[in-house]
Amino acid sequence: MTSETPKQYGRVMLKISGEALMGDQGFGLNPPTVARIANEVDSVAKMGVEVCMVIGGGNIFRGLQGSAQGMERTTADYMGMLATVMNALAMQSALEALGHHCRVISAIRMDEVCEPYIRRRAIRHLEKKRIVIFAAGTGNPYFTTDTAATLRASEMNCEAIFKGTKVDGVYDKDPVKHADAKRYGDVSYDEVLQKHLGVMDASAIALARDNKLPIIVFSLDAPGGFRSILAGSGTYTRVHV
């Protein structure tokens with residue numbers, strides 16, 4: 001079953017986890033997987049949709065885990081931010097191999113490898129149909145990449161956040177563990193928060209709600225899934241007011 005067809009989006013934010021880049025590995029980057037995701041993004045960009053991205057860093061380093069093991073939380077979070085830059089550069093390389101112009105923009109200055117975050121410049125890149133990858137989170141510890149994606153999507157005037165996951169939407173319970181799990185077609189921000197449905201962290205959901213920014217949750221593993229939703233089909237859950 002599919003949800004109601006959403007309107008055509010002109011500018012979107014794609015949020016994926018760092019783990020999505022691992023493939024079947026237990027750590028790091030799997031080049032064929034990175035290339036496959038790049039192809040998905042490229043196919044959407046070729047529709048004329050302006051695409052920006054945020055990629056997590058959990059395939060390389062996760063700040064919360066480092067903190068739990070005795071590392072100072074602030075230091076651990078900064079290490080996690082650096083991991084997102086590595087993932088962003090890998091995705092940039094894969095997209096450029098497909099012939100698409102792409103810019104990595106970091107919230108932490110490292111001018112030798114990527115651009116600093118300047119809002120107007122980032123918007124101009126999107127207007128020129130370049131794919132923009134935002135790296136290093138918000139540039140501040142204690143904020144997740146989900147929150148960073150929602151923040152940047154709001155600043156870029158995106159029409160929706162597309163959250164690519166391992167499942168094809170939001171379920172009332174873990175569909176991997178429970179065969180009777182039911183997928184939501186549409187769900188409100190408040191219900192996601194009240195029922196702890198795990199779409200994004202609470203700060204990200206609250207920010208999306210305050211800015212009336214819909215979140216489309218879909219399976220990143222489904223070939224052509226990202227493009228099919230933008231074309232008016234596909235299976236997903238829409239989080240909205």
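Note: Cβ is positioned from N, Cα and C throughout, glycine not excepted.
According to Swiss-Prot, the ATP binding site annotation covers LYS15, ILE16, SER17, GLY18, GLY58, ARG62, THR165, TYR171, ASP174, on the basis of sequence analysis. On its own chain, GLY58 (ATP binding site) has SER17, GLY18, GLU19, GLY80, ALA83 as residues at least 6 apart in sequence with a Cβ closer than 8 Å to its own Cβ.
Long-range neighbours of the region 'Involved in allosteric activation by GTP' (23-28) within the same chain, counting only residues 6 or more positions beyond its ends whose Cβ lies under 8 Å from a Cβ of the stretch, are 59-60. Residues or ranges marked as region 'Involved in allosteric activation by GTP' by Swiss-Prot: 23-28.
If you look up Swiss-Prot, you'll see GLY57, ASP77, THR138, GLY139, ASN140, PRO141, TYR142, PHE143, THR144, THR145 marked as UMP binding site, on the strength of sequence analysis. Counting every protein chain shown, the number of other Cβ atoms lying within 10 Å of the Cβ of ASN140 (UMP binding site) is 15.
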Secondary structure at ASN140 (UMP binding site), reduced by DSSP to three states: coil
If you measure between the CA atoms of THR144 (UMP binding site) and ASP174 (ATP binding site) and round to the nearest Å, you get 22
Compute all pairwise C-alpha distances among LYS15, ILE16, SER17, GLY18, GLY58, ARG62, THR165, TYR171, ASP174, the residues listed as binding ATP, and give the largest one in whole angstrom. 25
LYS15 (ATP binding site) has how many other Cβ neighbours within 10 Å of its own Cβ? 27
Three-state secondary structure of ASP174 (ATP binding site) from DSSP? coil
